[in-house]
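Asker: One structure follows; several queries about it will come next.
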Ligand SMILES: *[C@@H]1O[C@H](CO)[C@@H](O)[C@H](O)[C@H]1NC(C)=O
Ligand SMILES: *[C@@H]1O[C@H](CO)[C@@H](O)[C@H](O)[C@H]1NC(C)=O
Ligand SMILES: [Zn+2]
């Protein structure tokens, strides 16, 4: 999982939101005015409606969070035997060994990697492939194995019915690096794959060689049990997820797209969020949405010269003024209906004993279509009081993270540069961020008689220059997650409740970072970023990824194998 993300519909309201491009100012003002009128009319109308009794006043939150019945595949004694085998101590011991061995193959990826075939640091993946080949012999003998861009892995288990779209399971082979200075802080060495009776320890144990090995274990077991899929099963493993995915997932997705076409895949399950206790309820939260992402670089250029005869404001001073303006206002907290957190609130209201009554009230009073962007979103603002982790599920974040400027105390700085990181809220766009920064930079430029180059790729002396990062991502399309209709989501939810019990409430979740699925958007609308393993005793969970003492509980891992086994079979039988 990569901790990155950010954009939305133009946000009409609030001075901090996108400012229109100049030539359109008049017509924008008109649209804006009518939007306000519309909002007022609309909300008044809603207000009147709320005065009328509705179902005796009780709001049916369950209809916004339908829980599919637990779903088990049809009877088949060989496959049931294979499933029961997962619970045996023999399988447990064997999979501990295999996951541990996977961790021991060091597959770090770095931001500064050179070309494949030139930079020797890529060669670790040959070793990882050898390990997989040795460890999962049936898969490598019976399935089609294709290497995409040298190290990407695509396994194909052809189904008997080619009219059915494939089930696709993803994971990545690479891990984030272990900074050498942190090695001594690890309880067990980071590449040991140590097993202490409860956890398997090491870099990649939880992000996400566990997911990769669980998918492999599942197919190996199914092959051994002579399963014959109707629906094609694909495994797709990238190898540079932690440093962009451009060589791995991107090329795998292109390859798969050429073979199966746009919307040619039934469902994708990749690494992602897992389970969480909230308001007294255990939620499973497959990620159905991802925030967008953009870094904006801002540079102020001013004439150089000797410090003894400075201008009143140096490039550093002017940049500071702009930074202060940027931070003076935050993006709006706003929850659109498509945001999975809205569904999660409904799930909480419907099923959680400790769900806050104030939130419930606001939720019940919310107009069914919250199209009005100009008004404060009281529901979102109230929900945001739970803390910044929740707030930023409903708000574009901005963080001034990197700054540089000046080289010598007796020389005026000719350039000062800052990078502002943004993760973009569902319903918004990277353009809205750029429009806002353009407007603020324009004010500062005018004040100091500088020219402005906003995202035009140009620059000149005495100017403020805005430029985007090379990596930029719009908000991901939101996966449909209506549990009341037959859909990949209801199969996933039914599988989860069959495995863990009906007390588990499955709700769509939102990722603030991105996974390799960012390249898979055209392949299917049904993308889930989900870590399906759960262990109620596990205190480490996903909290240990990307840091020291990364580990995964064995029960979590074994449960993931169970889940994949049920899910693959449920998808095989599903009429979608
Ligand atoms: C699994 O390992 C445990 C301890 O490591 C051992 O006691 C047990 O006998 C093993 N089970 C099998 C079936 O080998
Ligand atoms: C602003 O800058 C331009 C050239 O860049 C210059 O001709 C003009 O005199 C400046 N105005 C002020 C008020 O400094
Ligand atoms: Zn990952």
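Including glycine, each Cβ sits where the backbone N, Cα and C put it.
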Asker: Figure out which of 526, 546 sits with 207, 242 in the Zn(2+) 1 site per TrEMBL.
Answerer: 546
Asker: Write down the one residue from 172, 306 that TrEMBL lists together with 207, 270 as binding Zn(2+) 2.
Answerer: 172
Asker: Looking at 28-48, 49-69, which one does TrEMBL call transmembrane segment?
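Answerer: Comparing 28-48, 49-69 with TrEMBL, transmembrane segment matches 28-48.
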Asker: Return only the integer: C-alpha distance in Å from residue 270 (Zn(2+) 2 binding site) to residue 241 (active site, proton acceptor).
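Answerer: If we compare the Cα positions of residue 270 (Zn(2+) 2 binding site) and residue 241 (active site, proton acceptor), the gap is 12 Å.
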Asker: Expressed to the nearest Å, what is the distance separating residue 174 (active site) and residue 241 (active site, proton acceptor) at their Cα atoms?
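Answerer: Pair distance, Cα basis, whole Å: 7 Å.
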Asker: Summarise the model confidence on the domain 'Peptidase M20 dimerisation' (288-448) as a single mean pLDDT, whole number.
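Answerer: Reported value for the domain 'Peptidase M20 dimerisation' (288-448) is a mean pLDDT of 94.
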Asker: Within 10 Å of the Cβ of residue 241 (active site, proton acceptor), how many other Cβ atoms are there?
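Answerer: So the Cβ neighbour count for residue 241 (active site, proton acceptor) comes to 29.
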Asker: To the nearest whole angstrom, state the Cα distance for the pair residue 172 (Zn(2+) 2 binding site) and residue 241 (active site, proton acceptor).
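Answerer: The separation of the Cα atoms works out to 6 Å.
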